[in-house]
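Engineer: I have a structure I would like to understand better, so I am pasting it below and will then ask my questions one at a time.
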Amino acid sequence: SQQIQFADDMQEFTKYPTKTGRRSLSRSISQSSTDSYSSAASYTDSSDDEVSPREKQQTNSKGSSNFCVKNIKQAEFGRREIEIAEQDMSALISLRKRAQGEKPLAGAKIVGCTHITAQTAVLIETLCALGAQCRWSACNIYSTQNEVAAALAEAGVAVFAWKGESEDDFWWCIDRCVNIDGWQANMILDDGGDLTHWVYKKYPNVFKKIRGIVEESVTGVHRLYQLSKAGKLCVPAMNVNDSVTKQKFDNLYCCRESILDGLKRTTDVMFGGKQVVVCGYGEVGKGCCAALKALGAIVYVTEIDPICALQACMDGFRVVKLSEVIRQVDVVITCTGNKNVVTREHLDRMKNSCIVCNMGHSNTEIDVTSLRTPELTWERVRSQVDHVIWPDGKRVVLLAEGRLLNLSCSTVPTFVLSITATTQALALIELYNAPEGRYKQDVYLLPKKMDEYVASLHLPSFDAHLTELTDDQAKYLGLNKNGPFKPNYY
């Protein structure tokens, strides 16, 4: 009788025509993907193509229109986002409190180009509290949180940014920050080097008068060293990217937590047993691999550097050439800071429904341009997710059009950004207040003492207590009791 019972159940199950069931499901999915709350990194939808912010006349409550954002009315919402971020950025807030009296940045006119998120807003407002005047644009066309930009504009920061800018908008925003009557920048805070490049090319007179540049990405630092080599860098620059507090924290721990977030929010992919290839085993690659391995993915690594390759082997990853595994992998992630790591030839050989994304700063790692050809069809599935369809029906899932995955498709952990932001603030204070001649026209690393100071500011959050050396121990190690504890090359 059990069998009969089972057959009845089967009957019950097949009564509902599957066609309609499937259709209603797909309808609900597409419905939610156009819903204004579906975009992960920002609660405001970038797809409602109304008037460009450049065409709008907006003023904040004080009557100022010295900004260009998506919608100034979202300022209150953005302010709440900033307050949430402040909870986890205690070091930056304590720096703000400590230095508020002496205003170490009084007279600084900082022009900035970074991701505009709740976390960078805390940095910008800290710089203002320390006496600086700021004008800001976005270094990525997708990572701006519109409501945060509105809150900054409401607070009186001249911010020019919105989510989903065109290439033309991007450069227009940078230009509006630099080119203004009666206000001339004397400091640059950059992420990716686009702002530095623009000022150098378009406004050489402004560039010559800059007191210092602070840069936080591999790509931007590389461009600074190129300028320096050619003898064209006429201002001192601080390479924050290679400071310990950025490399070992932002690149490693931040990516370890945000890679899964970005992939899950966009594709709902399950990682157990999936084959993933991570291109590059620097700090970003290490973070990505650690997270994927923990969820049971089978991870391959590609690497050009024998030291990083050996580290990958010791961590239990197969080191391969991309062409060896491209046919079998389910996910391809680039973290090299290089260009054309994933070429059209690789994309052609991928299997159906392979997910392709980039965790490096710039969008050159995946050759996306080669996919914009007549024989391939592009289908926008949801915000930041495209299906690229080959003539035989094979599709590749491309995330954020090859731009930075975690900031385009999800958010990044606030605490880690606090470490980088504090480092940036200190680098600006150091360069701005340095006596004549301390820094030549070159690229510098942050002094270790400052790296250690940044780290110490973050320890109270964990209720961590440092051990202090005795005089005898300090002498034995040849160290000063108060640091620096690390050599400059660390």
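The backbone N, Cα and C atoms fix where each Cβ goes, and this holds for glycine too.
What TrEMBL says about a protein is an automatic prediction, not a curated fact.
Found this in TrEMBL, in case it helps:
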BINDING   Thr117, Asp191, Glu216, Lys246, Asp250  substrate binding site
BINDING   Gly282, Glu283, Val284, Gly285, Lys286, Gly287, Glu303, Asn406  NAD(+) binding site
COMPBIAS  26-45  compositional bias 'Low complexity'
DOMAIN    251-412  domain 'S-adenosyl-L-homocysteine hydrolase NAD binding'
REGION    1-65  region 'Disordered'
Engineer: By CA distance, which of the binding-site residues (Lys286, Glu303, Asn406) lies nearest to Thr117 (substrate binding site)?
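Structural biologist: Nearest in space to Thr117 (substrate binding site), counting only the binding-site residues, is Asn406.
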Engineer: Using a 10 Å cut-off, grab the number of neighbouring Cβ atoms around the Cβ of Lys246 (substrate binding site), all chains included.
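Structural biologist: A count of 25.
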Engineer: Would you kindly give the Cα-Cα distance separating Asp250 (substrate binding site) and Gly285 (NAD(+) binding site), rounded to the nearest Å?
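Structural biologist: Rounded to the nearest whole number, the Cα-Cα distance is 12 Å.
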Engineer: Report the same-chain neighbours of Glu283 (NAD(+) binding site): residues 6+ apart in sequence with Cβ closer than 8 Å to its Cβ, ordered by sequence.
Structural biologist: Gln247, Lys248, Asn251, Leu252, Cys255
Engineer: Just how spread out is the substrate site if you go by the largest Cα to Cα distance in Å among Thr117, Asp191, Glu216, Lys246, Asp250?
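Structural biologist: Taking every pair among Thr117, Asp191, Glu216, Lys246, Asp250, the longest Cα gap is 18 Å.
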Engineer: Determine the most Cβ-crowded residue among the binding-site residues Gly282, Gly285, Gly287, using a 10 Å radius around each Cβ and all protein chains in the structure.
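Structural biologist: That would be Gly285, with the highest Cβ count within 10 Å.
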Engineer: Using the alpha carbons only, what distance in Å do you get between Asn406 (NAD(+) binding site) and Glu216 (substrate binding site) once rounded?
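Structural biologist: Asn406 (NAD(+) binding site) to Glu216 (substrate binding site), Cα-Cα distance: 16 Å.
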Engineer: What is the nearest of the binding-site residues Asp191, Glu216, Lys246, Asp250 to Gly287 (NAD(+) binding site), using the Cα of each?
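Structural biologist: So, of the listed binding-site residues, the one sitting closest to Gly287 (NAD(+) binding site) is Asp250.
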Engineer: How far is it from Glu216 (substrate binding site) to Glu303 (NAD(+) binding site), counting Cα to Cα, in Å?
Structural biologist: 23
Engineer: Far apart in sequence but close in space: which same-chain residues, 6 or more away, have a Cβ under 8 Å from Asp250 (substrate binding site)?
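Structural biologist: Same-chain residues close to Asp250 (substrate binding site) (Cβ under 8 Å, separated by 6 or more) are Val416, Leu417, Ile419, Thr420.
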Engineer: At the level of the C-alpha atoms, what whole-angstrom distance separates Lys246 (substrate binding site) and Gly282 (NAD(+) binding site)?
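Structural biologist: The Cα atom of Lys246 (substrate binding site) is 13 Å away from the Cα atom of Gly282 (NAD(+) binding site).
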Engineer: If I restrict to non-local contacts, at least six residues apart, and a C-beta distance under 8 angstroms, what lies near Glu303 (NAD(+) binding site) in its own chain?
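Structural biologist: For Glu303 (NAD(+) binding site), the qualifying residues are Gly280, Tyr281, Gly285, Ala309, Ala312, Val319.
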